[in-house]
Amino acid sequence: FLVFVFYLVIIYSGYTGYPFPTAPPVDPFAKIRVDDCGKTKGCFRYGKPGCNAETCDYFLSYRRIGADVEFELSADTDGWVAVGFSSDKKMGGDDVMACVHDDNGRVRIQHFYNVGQWAKEIQRNPARDEEGVFENNRVTCRFKRPVYVPREETIVDLHLSWYYLFAWGPAIQGSITRHDIDSPPVSERVVSIYKYEDIFMPSAAYQTFSSPFCLLLIVALTFYLLMGTP
C-alpha cells in the first residue's frame with residue numbers, strides 16, 4: 001500500500017527524476033559602496049588613510065530615502081559596532097544604534113540609551129529593513145530609521161543636527177562590552193543628514209605621524225642624512 005501511495009505522489013507531482021525544489025537562497029549582503037561617499041551619501045572613515053568600508057577601523061554612511069535615513073556601519077571587530085547621536089561630544093544621554101554579532105553568527109540591530117558611561121538597551125527599536133553580516137572578522141550592517149519620531153528622550157529626531165559618536169568593541173554571548181579604545185572618535189561638528197560629506201579621521205597611529213612636530217622631525221632627520229658629513 002505504501003508503495004502504491006508513493007507511486008501516486010510521483011505521478012501527481014510531475015516527478016521527472018530530479019530532486020524536489022528547495023527554497024530560494026537568501027540574498028547576500030550587498031557590499032557598501034564608498035564611491036558614493038560625498039555624492040549621494042555622507043561617510044565617516046576612521047583608520048588608515050585611503051581606507052574603505054572593508055579596511056577602515058570604523059566606517060559609517062548615511063543617506064535619506066524618503067521619510068527614512070539609511071545607515072551603513074562596519075568595524076574591525078567580532079563583537080559590535082555602533083553610532084550615537086549626541087547633543088555634545090561626550091558619552092551620556094545619547095541615542096545609540098548598535099549592530100551586535102551574537103553567538104549564533106547573526107548580526108542584530110539593537111537600540112540603546114547611554115546612561116552615564118554605560119549603555120541601556122531600549123525595547124522600542126526604530127530600526128527597520130535590517131540586515132547584517134559577520135565576515136573577515138568584521139561586523140557590517142545596514143538599516144533604516146525614520147527621520148521624524150514622536151518626541152521621546154531616548155530617540156532623537158534626525159532632521160536636527162547632532163554630534164555623531166563612533167564606537168565598536170567585543171561582545172559576550174551577544175551582549176556588548178566596553179569599546180575597544182579609551183577615547184572613541186567623535187565628529188568634529190554636528191552632522192546634518194541633509195549634507196553629504198566624505199570625512200576621514202586618522203586613527204591614533206596615523207595621528208602621531210601626521211602631527212606638525214613629527215613632520216618637522218622627519219624633515220630634519222632627512223636633511224641630516226642627506227647633508228651629513230662624509
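Indices start at 1 and increase along the chain as displayed.
Using N, Cα and C of the backbone, Cβ positions are placed for all residues, glycine too.
Per TrEMBL, the features are as follows:
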SIGNAL    1-17  signal peptide
DOMAIN    56-171  domain 'DOMON'
TRANSMEM  209-227  transmembrane segment
Using DSSP, break the domain 'DOMON' (56-171) down into helix, strand and coil residues and give each count. 0 helix, 71 strand, 45 coil
Pop the mean pLDDT for the domain 'DOMON' (56-171) in here, whole number is fine. 93
